[in-house]
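Just below is one structure, and these are the notes that go with it.
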Amino acid sequence: MTFEALGLHTSILNALTEAGYTAPTPVQQQAVPAAIEGKDLLVSSQTGSGKTAAFMLPSLHRLASAPYTGGAGKTAAQEAQSARARGERPRFRPAQPKMLVLTPTRELALQVTTNTTKYTSHLRHIKSVAILGGMPYPKQMQLLSRNPEILVATPGRLIDHMDQGKIDFSQLEILVLDEADRMLDMGFIEDIEKIVAATPESRQTMLFSATLDGVVGNMARRITKDPLVIQINTATTKHENIAQRVHFVDDLSHKNRLLDHLLRDETMDQAVVFTATKRDADTIADRLNIAGFSAAALHGDMHQGARNRTLDGLRRGNVKVLVATDVAARGIDVPNITHVFNYDLPKFPEDYVHRIGRTGRAGRNGVAVSLVNHAENMLVRRIERLTRQPIPVEVIEGFEPKRAAPSRSASRPGWKPGDGRNAKPGQRSFSNPRSEGGHYRSEGNPFAGERKEGGFRERSEGGYRNRNEGGFRAEGGFRSERSDGGFRGNRNEGGFRSERPAEGGFRNRADGGGFRSEGGFRAERPAEGGFRKEGGFRERGESNFRNRERDAGGFKGQRTDAPRRPWGDR
């Protein structure tokens, strides 16, 4: 199929030809015709599948086909000049966009704006601007004063301008939520609902997300009208053009040495290293620069100017290794990124899919490497269950982990992650019938060996022995005789010995003090204190506490003679 077959405006087709677009992607083939008809869309598609063009091309077609009325009224600059001529203070006229695109991050907003500029190269009267955090406020006001037809924004900054009356959505025709799942994960659900409530109900709504269930599905049902659901290359689809692998590491030093080695791969052009925290992004980027790599960090704490310079250096090829966090890397579309490294695994498997989607874009091949601690093996299994694709474990000579890598799959052939997750209990691999010995059948048994009689062995063969045999079994556990180490004495009855040697433990005191010979407390207590013979506290005659003479130790004097402090000074 060609773009001409989609029925797009001639000016848009010319711009696509100049940009090098040859054929629409699968998501574009289904989304563009439906959007041109004015239908609401719910689209689930993996990153790098051409989502931006899928919602922008039909929207531009609608705006380009509408009658142009831009010259009927005065521009904001002309109105300001007229107001000054009358001696009045110019008033800011709120922007009235025709199309609004909400994105979770600044980088994605800038990417959408950049692509829109390419698509509108032959539609000069259609203006698009990006309003996002980190941009100087006067610059934002200047962009809004142009009254753009297309407004791309992040939810937080857009709410600020709405509260100040700088934007009017009464003329809005198209609303797009790009990567809606990520916006909800970032806590923008209340902002999104407020923005949607300010738009006309007659609008066309298009929602793009990696998943359409859960909270995303509930919100989609509230803001759309009889939508067309399109699911192509969802998050669970294999990245067949991306070679994925796992390297297990012992500690941080091992991880850093292995990363340095992998970044020296001759087949690597540019790479993205994902970290869990912003501080780690700065630290790793500095360390890589010292090691001789052209590296730069990208995270949310950076000013917008610094982020733009970093991305520009990445696109120009001056930055070879970008160290970024999940949120900051959203929207990065650089075709020369050949490798993605997960320095830290993400908490959610869906984020892994977005991460590795930075490489292998537009059908190119890519490599995704995860540096995994042994304690993170469960995270790898969750990713495999989501993608239903096993990730092989590789070991590089000279960088072998001290601990062997855990088993990555079951022993039966043809197994793949997620098998049996939706099966009935009796159909799962671990519910196979047992043999007469109580053990799993040999075929499909992930554990080796069978017991002779079945079940647990008798105690005489191992396990725990009777007490007359002493402690734990002879072939393992503790020794029964403690002559050269451990606890002294034989353990004839089991447990602790009954006799206390004079040279160790608690001594048998002649005066009846100390502990009894059998253990525990002594039977007789001195009459003047301590515990009663039967146990508990002794009986007191005249008072609860006896008045004893205080010697050199403790406090001096008797209790009745203790000085009293005056309370007046407190």
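Heads up, the Cβ atoms here are built off N, Cα and C, so glycines get one too.
TrEMBL entries are annotated by machine, without manual review.
Fair warning: this is a prediction, and the values are worked out from it, not measured in the lab.
Taking the motif 'Q motif' (1-29) as a whole, pLDDT averages 89 in the prediction. Look at TrEMBL and you will find 1-29 tagged as motif 'Q motif'.
The domain 'DEAD-box RNA helicase Q' annotation in TrEMBL covers 1-29. When DSSP labels each residue, the domain 'DEAD-box RNA helicase Q' (1-29) comes out as 17 helix, 0 strand, 12 coil, counted as helix, strand and coil in that order.
Look at TrEMBL and you will find 32-230 tagged as domain 'Helicase ATP-binding'.
The region 'Disordered' annotation in TrEMBL covers 68-93 (among others).
Break the domain 'Helicase C-terminal' (258-407) down by DSSP state and the numbers are 60 helix, 28 strand, 62 coil. What TrEMBL lists as domain 'Helicase C-terminal' is 258-407.
Annotated region 'Disordered' per TrEMBL: 402-570 (among others), in sequence order.
If you look up TrEMBL, you'll see 449-510 (among others) marked as compositional bias 'Basic and acidic residues'.
Taken from TrEMBL, the feature compositional bias 'Basic and acidic residues' applies to 519-570 (among others).
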